[in-house]
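Student: According to Swiss-Prot, the record shows the following:
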type: REGION; residues: 129-343; note: region 'TRIAD supradomain'
type: BINDING; residues: Cys133, Cys136, Cys155, Cys158; note: Zn(2+) 1 binding site
type: ZN_FING; residues: 133-183; note: zinc finger
type: BINDING; residues: Cys150, His152, Cys178, Cys183; note: Zn(2+) 2 binding site
type: ZN_FING; residues: 202-265; note: zinc finger
type: BINDING; residues: Cys222, Cys227, Cys245, Cys247; note: Zn(2+) 3 binding site
type: BINDING; residues: Cys252, Cys255, His260, Cys265; note: Zn(2+) 4 binding site
type: BINDING; residues: Cys292, Cys295, Cys310, Cys314; note: Zn(2+) 5 binding site
type: ZN_FING; residues: 292-322; note: zinc finger
type: ACT_SITE; residues: Cys305; note: active site
type: BINDING; residues: Cys319, Cys322, His329, Cys339; note: Zn(2+) 6 binding site
type: REGION; residues: 518-552; note: region 'Disordered'
Amino acid sequence: MMDSDDDMLDAHDMDSVDYDFDSGGTDDDNDIDETDYVFGEADTDDAAIIAYHRSQINYVVLKEEDIRRHQKDDVGRVSVVLSITDVQASLLLLHYHWSVSKVNDEWFADEDRVRRTVGILEGPAPDGREFTCGICFESYPLEETISVSCGHPFCATCWTGYISTSINDGPGCLMLKCPYPCCPAAIGRDMIDNLCSKEDKERYYRYFLRSYVEVNREMKCCPAPGCEHAISFAAGTESNYDVSCLCSHSFCWNCSEEAHRPVDCDTVGKWILKNSTESENMNWILANSKPCPKCKRPIEKNHGCMHMTCTPPCKFEFCWLCLNAWTEHGESSGGYYACNRYEAAKKQGLYDEAERRREMAKNSLEKYTHYYKRWASNQVSRQKAMGDLQKMQSEKLRKLSDIQCTSESQLKFIAEAWLQIIECRRVLKWTYAYGYYVPDDHTKKQFFEYLQGEAESGLERLHECIENDIEVFEFGEGPSEEFNHFRTKLTDLTSITKTFFQNLVKALENGLADVDSHAASSKPANCKPSSNTKDGGKGKKEALTMAGSAET
């Protein structure tokens with residue numbers, strides 16, 4: 001483990017190749033080291049949210065106005081080319097899943113068929129002075145009725161109720177048709193604008209906006225609750241699908257779960273399913289209980305005596321060891337705290353299989369509990385770090401700036417450290433899901449646990465520095481000469497931790513591919529040397545180089 005700041009600084013200075021855990025990697029890396037942090041406020045007024053962007057990103061965060069602009073551009077292009085209104089162009093694009101080329105191809109191939117299919121009709125002009133509404137059956141003058149392209153008249157009140165009900169029912173309102181039976185005429189945005197309440201309009205245009213994103217293969221809505229942003233992703237040869245929204249939520253473009261590097265999407269799916277099913281409950285029952293010999297109900301032994309009594313209505317009394325009736329037990333069977341029958345049967349191998357299954361279930365449960373607790377603990381720590389970051393920005397930054405007589409922009413290194421902690425907590429969290437599926441008897445397991453321990457040690461050092469060392473400057477009476485030393489120390493720790501974690505991610509994503517070849521010539525004990533000896537430092541270097549040589 002990293003026992004001193006000097007260890008981390010020495011590690012950072014070591015020569016390395018590619019994802020040697022002590023280097024910054026090559027200049028063309030697109031991983032978590034290539035990150036520029038941008039500070040900004042979210043759309044909500046009650047919280048300041050930090051969002052970071054990669055310097056070489058393969059995605060763009062789109063706000064609502066950006067999506068509307070894209071929509072408006074597509075609608076305008078169709079409207080101009082086909083010489084139709086924007087409302088009609090919107091109906092066509094909705095029908096053809098916002099594909100401008102598909103709309104143009106279908107329209108010029110058979111305009112009449114497209115009009116009938118979409119519901120853009122050219123109905124007869126009304127020729128009467130008074131009409132009967134087809135919904136409420138009241139008579140109205142012509143000027144008080146409304147119709148779409150089909151010409152079927154309905155009163156404004158019935159139109160409003162009909163459209164409002166459809167909007168409240170969900171996104172199907174985007175394809176709403178005339179209420180006249182079997183009429184295919186489409187209802188466009190102009191009707192919503194003229195007849196609906198402000199609340200209904202907002203809901204309708206929210207559906208309208210999302211429809212543009214949902215059918216676009218290069219866009220996805222941010223899955224964070226209440227977020228209206230979308231991500232435009234440019235797929236390439238990189239396997240990094242992690243994206244970060246302006247709302248501070250990071251997720252995987254490929255599976256839409258939260259960002260989970262270095263774990264692949266299939267493993268994440270298995271882990272989440274395991275956390276949400278009853279499988280571990282069954283493992284606990286199997287490991288800590290035995291079935292009643294009569295009713296087969298699982299029974300947990302919670303007292304020292306071997307005399308067990310099943311709950312009503314069964315009430316069967318039996319021996320916990322051999323599972324035979326208690327009436328058959330006594331001094332001849334070994335007394336109340338032992339069972340000669342069980343010992344004899346065990347020697348004959350009669351109970352080996354049941355005990356083996358119970359022991360396997362117990363070990364499986366203990367393993368899962370070990371990894372799940374640490375997975376969940378890092379998530380809690382990450383959430384706390386996010387809260388500390390927001391508190392620092394909203395409350396402490398200005399105060400620290402005043403005390404140290406420096407501008408807030410010069411304190412950016414503090415926010416960068418917190419952001420690195422948040423990112424490292426996320427990575428560390430998912431290393432426990434990764435570790436759960438690494439075979440226990442594999443050489444990679446030992447090396448993985450060594451690297452994970454190094455990562456935890458380095459992160460704790462950074463966390464301790466920003467939480468504890470900064471306090472003396474937050475509550476000082478004036479500028480301190482030691483503040484520049486603190487700045488240098490925190491900046492160095494942030495850089496070293498960032499480098500270590502970005503190389504850890506790369507190594508795990510590569511499956512620690514080179515470990516097997518090194519295992520043949522290196523003892524597993526070398527993976528975790530003592531940091532108190534000179535030879536131990538050499539062993540650490542060799543272990544770190546082991547991971548770095550995979551891409552040599």
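Cβ atoms are placed via backbone N, Cα and C, with glycine included.
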Student: Determine the most Cβ-crowded residue among the binding-site residues Cys158, Cys222, Cys295, Cys310, using a 10 Å radius around each Cβ and all protein chains in the structure.
Tutor: Cys222
Student: Could you tell me which three-state DSSP class Cys265 (Zn(2+) 4 binding site) falls into?
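Tutor: Going by the DSSP assignment, Cys265 (Zn(2+) 4 binding site) falls within a helical segment, counted as helix.
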Student: When secondary structure is assigned with DSSP, how many helix, strand and coil residues does the zinc finger (292-322) contain?
Tutor: 0 helix, 9 strand, 22 coil
Student: In angstrom units, rounded to an integer, how far apart are the Cα atoms of Cys150 (Zn(2+) 2 binding site) and Cys133 (Zn(2+) 1 binding site)?
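Tutor: Here the two Cα atoms are 15 Å apart.
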Student: If you measure Cys322 (Zn(2+) 6 binding site) to Cys292 (Zn(2+) 5 binding site) at Cα, how many Å is it?
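Tutor: That separation, Cα to Cα, works out to 11 Å.
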Student: Can you break down the zinc finger (133-183) into helix, strand and coil residue counts using DSSP?
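Tutor: Each residue of the zinc finger (133-183) counted once, the result is 22 helix, 8 strand, 21 coil.
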Student: Quick one: of Cys247, Cys322, which of the binding-site residues has the smallest count of other CB atoms within 10 A?
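Tutor: Minimum Cβ neighbour count within 10 Å, taken over the binding-site residues Cys247, Cys322, occurs at Cys247.
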Student: Would you mind listing, in sequence order, the residues at least six apart from Cys265 (Zn(2+) 4 binding site) in the same chain with a Cβ closer than 8 Å to its Cβ?
Tutor: Tyr241, Cys252, Asn254, Cys255, Glu257
Student: Does anything in the same chain, at least 6 positions from Cys155 (Zn(2+) 1 binding site), have a Cβ under 8 Å from its Cβ, and if so what?
Tutor: Cys133, Ile135, Cys136, Glu138, Tyr140, Glu144, Thr145, Ile146
Student: Of Cys178, Cys183, Cys295, Cys314, His329, which is closest to Cys245 (Zn(2+) 3 binding site) if I measure between C-alpha atoms? They're all binding-site residues.
Tutor: Cys178
Student: Would you identify which of the recorded positions Cys183, Cys305 has the most other C-beta atoms lying within 10 angstroms of its C-beta?
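Tutor: Its Cβ has the most other Cβ atoms within 10 Å: Cys183.
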Student: Between the binding-site residues Cys150, Cys178, Cys292, whose Cβ has more other Cβ atoms within 10 Å than any of the rest?
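Tutor: The residue with the densest Cβ neighbourhood is Cys178.
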Student: Are there any residues in the same chain, six or more apart in sequence, whose C-beta is under 8 angstroms from the C-beta of His260 (Zn(2+) 4 binding site), and if so which?
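Tutor: Long-range Cβ contacts: Asp242, Cys252, Val268, Trp430, Ala433.
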Student: For the Zn(2+) 3 site (Cys222, Cys227, Cys245, Cys247), what does the 8 A shell look like? I mean other same-chain residues with CB within 8 A of the CB centroid.
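Tutor: So the additional residues around the site are Val61, Pro223, Ala224, Glu228, His229, Leu246, Ser248, His249.
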